[in-house]
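Novice: When I checked TrEMBL for this same protein, it listed these features:
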| type | residues | note |
| --- | --- | --- |
| BINDING | B:Leu9, B:Gly10, B:Trp11, B:Gly12, B:Thr13, B:Val14, B:Gly15, B:Cys16 | NADP(+) binding site |
| BINDING | B:Glu190 | L-homoserine binding site |
| ACT_SITE | B:Lys205 | active site, proton donor |
| DOMAIN | B:353-428 | domain 'ACT' |
There are 2 protein chains.
Amino acid sequence: MEQLNVGILGWGTVGCGVIEILQSHREEIKKRLGRELVLKKVADIDLERPRPVSLPREILTRDAKAVIEDPDIDIVVELIGGIEPARSFIMKALERGKHVVTANKALLAHHGNELFDFARKHQRIIAYEASVAGGIPFIKSLREGLAANNIDTVFGILNGTANFILTRMRESGLTFQEALKEAQSRGYAEADPRLDIEGIDTAHKLAITAAIAFNMSIVFDSIYVEGISGIDPLDIQFGEEFGYVLKLLAIARLGEGGVELRVHPTFIPSGHVLAGVRGAYNAVHVHGDAVGHVMLYGLGAGMMPTGSAVVADLMDLARDIAQGIHCRLPALGSYELNPIPVKPMDEVVTCYYFRFSAVDQPGVLSKISGILGRNNISISAVIQKGRHIGGAVPIVMVTHEAVESSVRRAIEEIDRLDVVRAKTQLIRIENLPVNYSEV
Amino acid sequence: MEQLNVGILGWGTVGCGVIEILQSHREEIKKRLGRELVLKKVADIDLERPRPVSLPREILTRDAKAVIEDPDIDIVVELIGGIEPARSFIMKALERGKHVVTANKALLAHHGNELFDFARKHQRIIAYEASVAGGIPFIKSLREGLAANNIDTVFGILNGTANFILTRMRESGLTFQEALKEAQSRGYAEADPRLDIEGIDTAHKLAITAAIAFNMSIVFDSIYVEGISGIDPLDIQFGEEFGYVLKLLAIARLGEGGVELRVHPTFIPSGHVLAGVRGAYNAVHVHGDAVGHVMLYGLGAGMMPTGSAVVADLMDLARDIAQGIHCRLPALGSYELNPIPVKPMDEVVTCYYFRFSAVDQPGVLSKISGILGRNNISISAVIQKGRHIGGAVPIVMVTHEAVESSVRRAIEEIDRLDVVRAKTQLIRIENLPVNYSEV
């Protein structure tokens, strides 16, 4: 029985998960592969820090080159994260004939196109299941399982940190700062949480997802991104009264004029399956023309779930290598990518939730709705809560479908009114059908 | 560019879906595969009946042999269903060097072990994504995507007909017969609905699922199977009062003493994601030691969803054939199957819901609970609804965990009491954690 040798760059949380699985599941993996996956070398700049898994001294190194240049290593697992040196390491590994497994969504979002090209030229594979939705076998499902479909929409809750914070804000009325602090103390959020809370991590994953779903290049820079740090628990409560739950949603929708790619706080109907995804869980909802609606749900991060996805990639690659295959599948699911323009955010049509902070006096509502009307924005519901004669009160509105650029123009005008006392809160709504069944 | 030739046996509903996808997605499939999938021949005994897709006369035949023996055909798709002649046709196709795609869960449940052996001997593949959970890429997720896990439990709603009926009974208070009639008139249930409503179809799928999840042989005969035809809407309502929703659940749980394999109406907490799966939808919930909880959701039947799974298999096979591969993956996910005994139903430990029809007189509850107590069954809640002095009233009970054999013994004894006027209704409960998140 041949063995396959694996080298790991980056002995962090996910690295520990991969090592733990390779160690404790050695027998099962051998039975499933018909060969052994052997951990040959692990490189990290810090070898001393305490970790949940231990390794024999002789396979540890501080030198990434010792992994990349080891002629016995068949597959290099990049778990350093970030752009450099991860990118250079991956390219060097490919040049030396190694296949690569990575969980690095930031790198793929920014440099995936060139890296996949580079891998193809070297007849090597970059596997990246762990880069989106952690333990959920989402890349495989989308690229292979649903390959018979033309996919038109993907909705995803792709960041467990943001979802945890929104869940706590909703269920316990915490402010954003309180919920963030709790997420940090529980280890769900980093000391510098910007990537997670500002939607950037979600956008990285959306860029990769859309490329596979629509067989297009990875475009990160054209994604509209808005995070959750400006969310007030008040809006979550008002949304609730209209039957909505707030999620940080990744949206990819193919339509006339191109593809919408956007990440922003989104109200979705509380009866929709995605609304029930609580805490650190992730979920992705895909619509394909043949399969209809499909949803996948699970943990999108963490040592063991992400380790599960990395090792699944290792096993897939091991099966390919065993058969002497270079490239069973094109990286983004197609040998020919479609030139699909990204629809400018200004042209997006959706429904909106507004919270105006207006002086409580007669005629205010008429002024606001007049401006909305002149911008072709029609209102489907209004709530005015509380009274505070002469002071500011929240006026909450939900609209029918409107064009983003008109909405922005209207809100700018409204915010200049002297009866309006604070910046209007704007949250987009996706009126997803609550149940796809005909029942 | 090479092409791959496909022959189809059985031009029924799923056949039409496969043909529709091959016809309308020809270009996309070509781009994704780097080669063309060409429909070479379609065999059916009835070529005249009107169908939603049309085919050129010259590729149609009434003779299955014309497909199986065509030397140009690379892959044979078996969509006849049932045991014979499907089984013989598949074996003949394998003998002639063709790979096979099938959606035939009954055949695999009964003869999968021998068919997979036979395929392996002929170095050919039997692909069967469509046999479980229709359009959901479940087999691929379980066998490849979660391959790094030791899986311990699978819970599935695997029959859309039964789920539709239970949804209608719950939401509109229909009787079983009324809901079945509606399912039939909507095309969700066959004229002879026994396979669906008696749990047999679900058990076929569970046999296949468990074999992959636990890397064991397919064992159909040892599965405990109970259908939904005996369900009274009354029990659905009472269950609701205890916070439960009734589902026809496929359960596979690995534990000490072997694996539990059972299909029966099951109360699950109404807050669990599976409880929200309505109508003709399917869902599978898997727990693996690395990934944690994963759920997949989508349409489990129908022309296009099942067609989506069949064509995904065709594309997978086409990629293998393009690379000259015989057997990239063992049929059940492992080269070595584990000898796992199936736990006898008598030894299963779970919670129970009972509805006793007892005479409304003092001392009855004490008699019943006395018998339960002597059989080590402890009660967690009781409801007695209505009063009908001298007549029979329902007494509804929910128990803590108890052993199945003790429960049966107790119920037999209770049903012999002269104060008990009808057979006791027994429904098992799975107290699944409502949310797996730590929130």
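Quick reminder: no glycine exception, Cβ is built from N, Cα and C everywhere.
No curator has checked TrEMBL annotations; they are predicted automatically.
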Novice: Across all the protein chains here, work out how many other Cβ atoms are within 10 Å of the Cβ of B:Glu190 (L-homoserine binding site).
Specialist: 13
Novice: By DSSP, what is the split of the domain 'ACT' (B:353-428) into helix, strand and coil residues?
Specialist: 23 helix, 34 strand, 19 coil
Novice: Whose Cβ lies within 8 Å of the mean position of the Cβ atoms of B:Leu9, B:Gly10, B:Trp11, B:Gly12, B:Thr13, B:Val14, B:Gly15, B:Cys16, the NADP(+) site, other than those residues?
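Specialist: My list of surrounding residues reads B:Ile8, B:Gly17, B:Val18, B:Asp44, B:Leu79.
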Novice: Let me know the model's mean pLDDT on the domain 'ACT' (B:353-428).
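Specialist: Per the prediction, mean pLDDT sits at 93 for the domain 'ACT' (B:353-428).
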Novice: Can you count the other CB atoms that lie within 10 A of the CB of B:Gly12 (NADP(+) binding site)?
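Specialist: Other Cβ atoms within 10 Å of B:Gly12 (NADP(+) binding site): 16.
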Novice: Which has the fewest other CB atoms in a 10 Å radius around its CB: B:Leu9, B:Val14, B:Cys16, the listed binding-site residues?
Specialist: B:Cys16
Novice: If you count other Cβ atoms within 10 Å of each one's Cβ, which of the binding-site residues B:Gly10, B:Gly15 has the most?
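Specialist: Answer returned by the neighbour count: B:Gly15.
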Novice: Work through the recorded positions one by one (B:Trp11, B:Thr13, B:Lys205) and point out the residue whose CB has the fewest other CB atoms within 10 angstroms.
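Specialist: Looking at the recorded positions B:Trp11, B:Thr13, B:Lys205, the Cβ with the fewest others within 10 Å is that of B:Thr13.
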Novice: Sort B:Leu9 (NADP(+) binding site) into helix, strand or coil using the DSSP assignment.
Specialist: strand
Novice: DSSP secondary structure for B:Cys16 (NADP(+) binding site), reduced to helix/strand/coil, please.
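Specialist: Note: B:Cys16 (NADP(+) binding site) is helical by DSSP.
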Novice: Can you grab the distance from B:Cys16 (NADP(+) binding site) over to B:Lys205 (active site, proton donor)? Cα atoms, rounded to a whole Å.
Specialist: 22
Novice: For the C-alpha pair, I'd like the distance in angstrom between B:Gly12 (NADP(+) binding site) and B:Lys205 (active site, proton donor), rounded off.
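Specialist: Here the two Cα atoms are 21 Å apart.
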Novice: What is the separation, in Å, between the Cα atoms of B:Gly10 (NADP(+) binding site) and B:Glu190 (L-homoserine binding site)?
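Specialist: Rounded to a whole number, the Cα-Cα distance is 17 Å.
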Novice: Give the distance between the Cα atoms of the residue listed as 'L-homoserine binding site' and B:Thr13 (NADP(+) binding site), rounded to the nearest whole Å.
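Specialist: Per the Cα atoms, the residue listed as 'L-homoserine binding site' and B:Thr13 (NADP(+) binding site) stand 12 Å apart.
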Novice: If one measures from the C-alpha of B:Thr13 (NADP(+) binding site) to the C-alpha of B:Lys205 (active site, proton donor), what distance in angstrom results, rounded to a whole number?
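Specialist: With distance taken Cα to Cα, B:Lys205 (active site, proton donor) is 19 Å from B:Thr13 (NADP(+) binding site).
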Novice: Translate the DSSP assignment of the residue listed as 'active site, proton donor' into the three-state scheme.
Specialist: helix
